[in-house]
Amino acid sequence: MAAISISESEFEKFREFFYRKTGIQFESSKRYFVDKRLEERIELTHSGNFRAYFTKLRFEASGAELQQLTNLMTVNETYFFREEYQFQCLVKSLLPEITGRKRDNTPIRIWAIPSSSGEEAYSIAIYLLEFWAGINDWDIEIISSDIDTKILALARHGQYSVRSVQHLPEKLLRKYFTRQAENYQICDDLREAVEFTRVNLSERIDTRAYRNFDIIFCRNLLIYFDDASRKAAAETFYDAMKPGAYICLGHSESMSRFSSLYKVRKFPEAIVYQKPLLEAR
Amino acid sequence: MALIKTQTHQPIAHDERKQARDCNSLLLELENDNPMARRWAARDLADCPAASAALVSRLQLEDDVSVREVILTTLTVMGNEVAVVGLVNCLRSEKVALRNEAIEAMKQLPDEVAPIMRGLLADADPDVRIFAVNILESLRHPEVESWLISVIDHDPELNVCATAVDLLGEVGSSASREPLLRLKARYTQVPYIQFATDLALKRISDG
Amino acid sequence: MKRILIVDDAATVRLYHRQILEAAGYKVYEAVNGIEALEKSLQQPFDLYVVDINMPKLDGYGFLRELRSQDIYQAPAIMVSTEAQTSDHQQAFAAGANAYLVKPVKPEQLLIQVKLMIGEARG
């Protein structure tokens, strides 16, 4: 079989399509990176050439190939304090705004989805305990959900590799973890503080009970969904949020590809999306 | 005060939807002053096919984008004739947001939209023809390229052709070559058409 | 270098406008709809916007209304659309546009407007 290669025009065509779908724009300098991955997928899907592969990418009803490719084109690792600027935004901007307008003493509710193996939800918990003075005045509930029960078991268990905790300051690592052979075990107080639940975001029955959240973290999930599922997920979140609640997406994700339901808000630390405070008319 | 777990684990079976959920009361709810009530009604009306007409007329009046989105989703799920005709009528609306929402909804309905596509592409209103080409952008249908070719060969309106050329650069095969050259020759005085046809031709010949 | 944000859902139109403006010495950025344009405007200042009307998720009018309500540098905006009715022009100006061009634009037509709005890019 002749080696597959991507022409300049094919690269341009793909670049425009991928940008339209995901909001990720590759510079020409990324040509080699993009070509390699395209060639790999063309070969693995036995498409033979770019043209056949591109047609599959655009028209496959399940959107599975686009998801595969997006996975390859984005680095999706999870570790403690990943995209820390959002946690800074949480404690410096979002929570002060929420407590400033809150008229009762009910708990502030945070939903982190997908939970994956729990690093994000526990990072939020640590951040609140360490960097938010309001923790003395307010109750906070952290709920973290995933579709995968095996990964939820790992999250509840809370044991992590060195790699996973490498961005944590030494002080916090000592305070909240104990070393166990090759790994780090998160402390019971934190395990108690986060509720892990199984949810399929596209099942109405599953998401019905999720209401009245003040903040949702949904990072690096919707970018892998097809257009219809993104829209449905954005609506599910809308129903799960209080008026004025916030949603944080991953750093390579843009609400411009998902939904028009939310207001774009700029805070010093990050761009965040907000459900309108007052529902129109 | 601290990090706490949810106090109660009640699976919330009774949520905000207080109204009995039969089709008639849902139709009444669709006129409720509270947008939240209208949203829920529009969502639950998915099980009431006879409600598509009411949803279509509500859609034209509805000012709340979150309610419009649910109505459009419900109409897309229904996908019946009344729903599709209702979506087509939105393309003629003066409201830009509604028009674009309808375009996005129709992209999700290849089987329902395909039979009326020729009619849309021949509509007397050039704006509607542009929107029809916009729908083709994500419509999963084997005839997309041949529809686009017919647009650039026959549509008298420059901007309708221009919109079609943009898409042909992405989906066009060698079958589009001659029609693109003909369009280019027809509009030698229009720099944009020269640029767009050259770009599409380059992408097709390289591909 | 003056920075211009092109907001249009059609890739060919973005590329066409980009080439014209880059050739005249401007730095060009792109967005496919009003929401992305708003996200980018909140992250970095632009000197000018070139905005289409019909776009998914958030259209050109909606974008300008949102932009004009933000507490950021308010750069001028040229609306560029296929719609040629007087009512479209009126809506565009009401939403916060400063000029209106009907598609397809000729390069010199676009450049004249751009220079009127933000001045020469190259002396």
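Residue 1 is the first one shown; counting continues down the chain.
The backbone N, Cα and C atoms fix where each Cβ goes, and this holds for glycine too.
According to TrEMBL, the protein has these features:
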| type | residues | note |
| --- | --- | --- |
| BINDING | A:ASN76, A:THR78, A:ARG82, A:GLU120, A:ASP146, A:ASN200, A:LEU201, A:ARG219, A:ASN220 | S-adenosyl-L-methionine binding site |
| DOMAIN | A:1-267 | domain 'CheR-type methyltransferase' |
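In the predicted model, the domain 'CheR-type methyltransferase' (A:1-267) shows an average pLDDT of 93. Cβ neighbours within 10 Å of A:LEU201 (S-adenosyl-L-methionine binding site), excluding its own Cβ and spanning all shown chains: 21. There are 18 other CB atoms within 10 A of the CB of A:ARG82 (S-adenosyl-L-methionine binding site), with all protein chains counted. A:ASN220 (S-adenosyl-L-methionine binding site) is surrounded by 23 other CB atoms, counting those within 10 A of its CB over all protein chains shown. The secondary structure of A:ASP146 (S-adenosyl-L-methionine binding site), as reduced to three states from DSSP, is extended strand. Among the record's S-adenosyl-L-methionine binders, A:ASN76, A:THR78, A:ARG82, A:GLU120, A:ASP146, A:ASN200, A:LEU201, A:ARG219, A:ASN220, no two C-alpha atoms are more than 24 Å apart, and one pair sits at exactly that spread. The Cβ neighbour count for A:ASP146 (S-adenosyl-L-methionine binding site), using a 10 Å radius and every protein chain shown, is 24.
A:LEU201 (S-adenosyl-L-methionine binding site) falls outside any helix or strand according to DSSP and counts as coil.
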